[in-house]
């Protein structure tokens, strides 16, 4: 079957850096044990499972602060999504060793909020409710940051039209953000705009927008919790007009989606392991609706192939 490998796709530099830092921590026997990740280092269950094999425990909970309250000793790794200053303070009070894997793009947004909130600015922050990145950003200045996910959320805000900054979560759909920002500027014409869609998110979305129309269907390989993966499927359907399905790995691919297709596009989120995506691509390339021997969708990627290799520090 004809497969269009939509590029760029897969890991971004922030994800790779975060995973390398966590793997180096696992190899560093001088670090206090246990080793914990507050949440998922990146939003991919395969990565979480692989780190468990490395001896790193990924903790889950309603938010980072509640998770941390249950940690009494050891080392904590802050995920690529960033954490609030309150989380950092509590970790320090508990005497925990901290490793910060926050993506530099997220750190830049935190710095903006911190600096401008001190000057009295209010923030309209476009992001996804319940996602850890907005949680961390809002925690920088809780009284100054107003989370907006939809146009309805925006309309319900009542802010003075002065000293306002409009910014956003780094992994949102750039088209959704643009629409909400446009309306926000109509409501608050004196506001400053700081568009923080990260470059990796932007170029992956643009690639889908430009290339998906060549395909009958698009498969996005990514975790259900991965906002950037879900947005890629959204871009395919809403911008390119091509039906799209998000799958965690090959085992979630349904053959009825592709059996009538002449060309299938495949892309993947910024936190999706390359071997997981390659397995999907190889399967679809070899798939023949008339040959049952090509229908096996069992995932076969070994867990030791999931994480990037790192050099052992001497």
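Including glycine, each Cβ sits where the backbone N, Cα and C put it.
For the isopentenyl diphosphate site, Swiss-Prot records 43, 81, 131, 226, 228, and the single candidate of 173, 271 listed with them is 271. Other than 43, 81, 131, 226, 228, 271, the residues of this chain whose Cβ falls within 8 Å of the Cβ centroid of the dimethylallyl diphosphate site are, in sequence order, 42, 80, 133, 171, 223, 225, 227, 229, 269, 270. What surrounds the [4Fe-4S] cluster site, by Cβ distance within 8 Å of the Cβ centroid and not counting 12, 103, 198, is the set 13, 14, 15, 80, 104, 105, 106, 170, 171, 199, 200, 201, 270 from the same chain.
Applying an 8 A CB threshold to same-chain residues 6+ apart, the list for residue 271 (isopentenyl diphosphate binding site) reads 11, 15, 42, 43, 44, 47, 222, 223, 226, 228, 229.
Listed in sequence order, 81, 169, 227 are the same-chain residues six or more apart from residue 131 (isopentenyl diphosphate binding site) with CB atoms under 8 A from its CB.
In terms of Cα spacing, the binding-site residues 12, 170, 198 that come within 10 Å of residue 133 (active site, proton donor) are 170. Separating the Cα atoms of residue 103 ([4Fe-4S] cluster binding site) and residue 170 ((2E)-4-hydroxy-3-methylbut-2-enyl diphosphate binding site) is a whole-number distance of 10 Å.
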